[in-house]
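J.: These came from Swiss-Prot, pasted as-is:
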- 14, 173, 174: ATP binding site (BINDING)
- 54, 141, 153: substrate binding site (BINDING)
- 279-356: domain 'PUA' (DOMAIN)
């Protein structure tokens, strides 16, 4: 059974091009206004909402008067350039009507695949959320090439959801969920309200639902589900064609829930602790050990020694003074800067480095404290 959306902590909403843009008239303003009302209601209830929005190319086609036929790469990128401006303005106007600020973030594949760029992208989005702004995220279609693109915003939305530790991803589309077969082709197709695991049998049910306005079909949505569920994020596929598409979920309108097996934070920290070899080591004092065990970030003041040659965003092991690993995490400094600020208070860092740096050497969200039985000698 679906929970109420207000019971989630952080939700990523992906919006398909066909929902936002009409080929003849352009932006579907009334629909977008109804979405804005839903987002405002969720934010008022304490839920953080991020939007991954398609529509830049589709909207840019209408802005530039491009033909309905398939576009060349350079035409698509020109359409994206024009459409991104119009799309950002539309979101700013609609959300602004509810007293909500928004910020546009254009990403490429490497922004969520390369650790340092990943950390930068995540820090920017986190800051927007702390400022009560709604991040409006899209692939940077003006510069992305075939070799370095997501190819669809379903998978981009899943990457954003896992990067940000969201507990729910909602894919709004012109399809109201998953069926045992494409319902427009098979009248006997049965609707599936709940999917526990995306198996090969489930994947075989996907049909091609992409249109000339969008690149994603059901297959890409199931791919997104695998990414999200593996990282601890639940996913909902539902129709966005009705007004108030998010509140419609709470009203019981048809939707398919793909449930995650574990919590997002656990999945993220499992990735840190289990899948990455540390590129360096930090030796910390007893006060820092106590702080880490109580769930706090690692500050430079508690670091006594820095070993290794690492870059910002690399994984490092945190050792106590007896040489035992007590934690592991993603470091916010490269090795040279870490050595400079080790042992210093956070308010001294900017003067030492000559630029405004992060206060924590390892933020608690990027830190896994090992249980006593897991700690091992260096």
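Numbering starts at 1 and runs along the chain as it is shown here.
Quick reminder: no glycine exception, Cβ is built from N, Cα and C everywhere.
I'd like to know what surrounds each of these features in this structure.
T.: There are 15 other CB atoms within 10 A of the CB of residue 174 (ATP binding site), with all protein chains counted.
Following the DSSP three-state reduction, the secondary structure of residue 153 (substrate binding site) is helix. Neighbour count (other Cβ atoms within 10 Å of the Cβ, all protein chains): 27 for residue 153 (substrate binding site).
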J.: Taking every protein chain shown into account, which of the binding-site residues 54, 173 has the largest tally of Cβ atoms within 10 Å of its Cβ?
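T.: Comparing the binding-site residues 54, 173, the most crowded Cβ belongs to 54.
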J.: May I have the DSSP-based helix, strand and coil counts for the residues of the domain 'PUA' (279-356)?
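T.: Each residue of the domain 'PUA' (279-356) counted once, the result is 26 helix, 24 strand, 28 coil.
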J.: DSSP secondary structure for residue 54 (substrate binding site), reduced to helix/strand/coil, please.
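T.: It is coil.
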J.: Out of 14, 173, 174, point to the one nearest residue 153 (substrate binding site) in space (Cα versus Cα); all of them are binding-site residues in the record.
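T.: Nearest in space to residue 153 (substrate binding site), counting only the binding-site residues, is 14.
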